[in-house]
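Novice: These came from TrEMBL, pasted as-is:
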DOMAIN    14-67  domain 'Pyrroline-5-carboxylate reductase catalytic N-terminal'
BINDING   ASN27  NADPH binding site
DOMAIN    131-216  domain 'Pyrroline-5-carboxylate reductase dimerisation'
REGION    183-205  region 'Disordered'
COMPBIAS  183-198  compositional bias 'Basic and acidic residues'
Amino acid sequence: MTASFHPSDHANIEAFKAFGAKTYVENLPVVSGSEIIFISVKPTVVSSVLETVRPASAGKLFISIAMGITLRELENSLESKARVIRVMPNTPALVRAGASVYVRGSAATDDDCKVTQALFQAVGTCEEVSEAMMDPITALSGSGPAYVFVMIEALADGAVRMGLPRDLAYRLASQTVLGSGKLVRETGSHPGQLKDDVTSPAGSTAAGLSHLEQNGNDCHWRKNRFLFDTLSAEP
């Protein structure tokens, strides 16, 4: 593995050296000596960074995880023979439970896609999509963990209010979310059906759901409006 850093980024330079990576303080040597290059800089500097490595980009595979930067923008910043794949990962990749999607560029091959899929499946799931889907996917799985964290925090806060220790409440809330997601994926059942399976007549779950509905009559409007605003804000 090779990586480039800002000259002042001593902490990351030393961290990468510690596990045997070659480190540079300029980008061109990284691209010249690599077959696959990850574009993982801030979106605002992608074009300027790629311009500096364009002379060495022909025949290389560039995998971009820069949010909002389209395939056309990436390809226009590189030599025509460069191959580009755009990926949208999310933060649960840190614990090998990520949800990633990718879009192939005009010159990307089937082998490029297989390599990309294998790399991201090592840290979760990875599926190919069309570029038209990237904005809603960014709102769903890219931003989605933040919404789930808010829900976990709210569930735990409610449990603490009822007397549970906070560390236990967090463990139970997070495991509940983890297990529920796994149940949806592995059974293939509709989430509404799984909800009904938990909801016994006149039971506590039914009471809780009724309370949520009565105190949020416009929750569906708010949810759809929020999603629309999120997508409208994307580049």
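In case you wondered, yes, glycine gets a Cβ from its N, Cα and C as well.
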Novice: Return the average pLDDT for the domain 'Pyrroline-5-carboxylate reductase catalytic N-terminal' (14-67) as a whole number.
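Specialist: Summarising the domain 'Pyrroline-5-carboxylate reductase catalytic N-terminal' (14-67) by its mean pLDDT gives 94.
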Novice: Let's check the environment of ASN27 (NADPH binding site): how many other CB atoms sit within 10 Å of its CB?
Specialist: 18
Novice: Give me the DSSP three-state residue breakdown of the compositional bias 'Basic and acidic residues' (183-198), ordered helix, strand, coil.
Specialist: 13 helix, 0 strand, 3 coil
